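Asker: The structure follows.
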Amino acid sequence: MARKKIALVGAGNIGGTLAHLALLKQLGDVVLFDIAQGMPNGKALDLLQTCPIEGVDFKVRGTNDYKDLENSDVVIVTAGVPRKPGMSRDDLLGINIKVMQTVGEGIKHNCPNAFVICITNPLDIMVNMLQKFSGVPDNKIVGMAGVLDSARFRTFLADELNVSVQQVQAYVMGGHGDTMVPLTKMSNVAGVSLEQLVKEGKLKQERLDAIVSRTRSGGGEIVALLKTGSAYYAPAAAGIQMAESFLKDKKMILPCAAKVKAGMYGLDEDLFVGVPTEISANGVRPIEVEISDKEREQLQVSINAVKDLNKAAAEILAK
């Protein structure tokens, strides 16, 4: 059986961690792309030298040439710049839209049949732009956000309740930002809903509210602690979980920023936004789940925030 090929566009902290995890999970050969001369090659060589130690036997190469993405099965995109002090939202959008244009064209010309995962922020609009420029079909492109946000929600709940995180199932929907919607109705601990835990007095409502708030600002909390840079271990782990579900046809249902069709969740237009999504060898399939009236209202607020970003991006493109 031919080995799978995984292309990682962006060789920064997330890209390097993605490469290491892909090797450890033996998902396939890895191509690490970056525009910085020498940097992806150095990281690739370092990673390649872990293979004898880890007991894996895969190829890793670094490159500055999009041609090396040819025939990739999966492309994970982390390229872009983070928001810096003094930078407006439109400044960040303008820069990263240009990055997505370059990356999208690289995908279109070299691996148009790849399954594409976008991690670049602001996520919901970047995955939209990446599809626009790459031409990848709706079912073959998705944004990584909900898996990470849900992992943060699960972590905080497990810590609060002093239980194994493996016993906590919790989900987050909506845009990847302050308006995300942690689903307290369908989230549970060993099958017991959070609502039931609150009723039984095992989880105070004010503590649950605080956890929801902390989940929404989870990325910012890490940025504040690091002072330079942002999270990369958990984002990379989330991206690899999604890639593995595609490569191994696991059919996992994960919260992701997929292209949701008009009519689902009350949408009046097709939109990339975080919803439960099945990821299989056929690509992605958004799934509509039952949520409470309050959660539906919150989701609409989040959808409107994503639409506002789309409008801002359209204005930038029109200039």
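Every residue, even glycine, has its Cβ placed from backbone N, Cα and C.
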Asker: Let me know which member of Asp34, Asp73, Asp138 Swiss-Prot also records as binding NAD(+) at the site of Gly10, Ala11, Gly12, Asn13, Ile14, Gly15, Asn96, Ile119, Thr120, Asn121.
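Answerer: Record source Swiss-Prot; matching candidate: Asp34.
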Asker: Using only the residues recorded as binding NAD(+) (Gly10, Ala11, Gly12, Asn13, Ile14, Gly15, Asp34, Asn96, Ile119, Thr120, Asn121), report the maximum Cα-Cα distance in Å, whole number please.
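Answerer: Binding-site diameter by Cα atoms for NAD(+): 17 Å.
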Asker: Let me check the 10 A CB neighbour count of His176 (active site, proton acceptor). How many other CB atoms are there?
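Answerer: Taking every protein chain into account, the count is 27.
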Asker: Within 10 Å of each Cβ, count the other Cβ atoms, then let me know which of the binding-site residues Arg83, Arg152 comes out lowest.
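Answerer: Result for the binding-site residues Arg83, Arg152: minimum number of other Cβ atoms within 10 Å at Arg83.
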Asker: Could you tally the C-beta atoms, other than its own, that fall within 10 angstroms of the C-beta of Asn121 (NAD(+) binding site)?
Answerer: 22
Asker: Return only the integer: C-alpha distance in Å from Asn121 (NAD(+) binding site) to Arg152 (substrate binding site).
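Answerer: Their Cα atoms are separated by 17 Å.
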Asker: Let me know the most crowded of the binding-site residues, choosing from Gly10, Gly12 and counting other Cβ atoms within 10 Å.
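Answerer: Max Cβ neighbours within 10 Å, all protein chains included: Gly10.
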